[in-house]
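Worksheet: the structure to be examined is printed underneath.
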Amino acid sequence: MKIGVLAVQGDFAEHIAVLRRLNVECREVRLPEHLEGIDGLIVPGGESTTLSRLMSIYHLREPVVAMAQAGKAVWGTCAGMIMLAHEITEADPVPLKIMDIGVQRNAFGRQIDSFEQDLDIRGLEPGPFHAIFIRAPVVNRLGAQVKTLAALPNGQAVAVRQGNLMATAFHPELTDDTRLHQYFLDLASRSEAASPPGGEG
Ligand SMILES: NC(=O)CC[C@H](N)C(=O)O
């Protein structure tokens with residue numbers, strides 16, 4: 001299994017460090033050809049307007065959308081969640097419309113723009129996940145096929161899944177807890193199993 005991490009901007013190095021700790025082969029993705037042969041892609045946190053522009057400049061939008069539509073696992077964290085959304089509350093950045101969710105950027109305002117929260121995550125045992133939110137977005141519309149994996153105490157969805165796709169508003173790569181990365185690897189191994197070697201998948 002090989003996992004790609006979009007490496008044009010943001011905290012891709014932290015995701016790669018977690019994947020290495022889990023002994024997973026990984027690849028930094030900067031160009032469309034780097035997507036070939038990977039079983040899953042992580043779109044990291046960072047700054048979504050920059051991410052959006054760089055994805056256009058490097059011609060990464062179409063191939064990433066095609067990969068998601070082909071059933072490969074794709075996971076967006078924070079700015080990555082914004083990029084996977086169908087729509088956001090602003091005109092810029094331009095999201096990829098991969099997941100059937102609406103997202104509000106910088107949903108927690110300027111004064112309290114960063115916080116930590118223990119979350120119960122559906123499918124993750126045992127015990128809560130310590131989630132770090134940094135100028136985080138929030139899901140403000142959930143499509144019919146989208147499952148909430150975790151919500152804040154006020155009910156706002158901050159981890160969601162739609163088949164082979166997932167998005168988290170927080171930064172699991174900044175903690176020592178590897179359970180969400182493992183969860184993503186399970187999704188990726190299912191998409192790997194679904195596509196015969198050399199086949200169309
Ligand atoms: N930690 C993050 O990825 C922050 C996301 C950032 N606030 C944005 O809108 O792009």
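Glycine too: its Cβ is placed from the backbone N, Cα and C atoms.
Taken from TrEMBL as is:
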- GLY46, GLU47, SER48, ARG105, ILE134, ARG135: L-glutamine binding site (BINDING)
- CYS78: active site, nucleophile (ACT_SITE)
- HIS171: active site, charge relay system (ACT_SITE)
- GLU173: active site, charge relay system (ACT_SITE)
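Of all the recorded positions listed here (GLU47, GLU173), it is GLU47 whose C-beta has the fewest other C-beta atoms within 10 angstroms. When the recorded positions ARG105, ARG135, HIS171 are compared by the number of other CB atoms within 10 angstroms of each CB, ARG135 has the fewest. Under DSSP, ILE134 (L-glutamine binding site) is assigned to a strand (E or B) in the three-state scheme. Residue annotation for L-glutamine gives GLY46, GLU47, SER48, ARG105, ILE134, ARG135. The furthest Cα pair among them is separated by 13 Å. Close to HIS171 (active site, charge relay system), meaning Cα to Cα within 10 A, are the following recorded positions out of GLU47, CYS78, ARG105, ILE134, ARG135: CYS78, ILE134. Take the CB of GLY46 (L-glutamine binding site) and look out to 10 A: across all protein chains shown you find 21 other CB atoms. In sequence order, GLY45, CYS78, ASP113, SER114, PHE170, HIS171 are the residues of the chain that are 6 or more apart from ILE134 (L-glutamine binding site) and have a CB within less than 8 Å of its CB. Each residue contributes its Cα atom, and for ARG105 (L-glutamine binding site) and GLU173 (active site, charge relay system) these two points are 20 Å apart. Other than GLY46, GLU47, SER48, ARG105, ILE134, ARG135, the residues of this chain whose Cβ falls within 8 Å of the Cβ centroid of the L-glutamine site are, in sequence order, GLY45, CYS78, ALA79, ILE82, ASN106, ALA136, PRO137. For the recorded site, SER48 (L-glutamine binding site), the DSSP three-state label reads helix.
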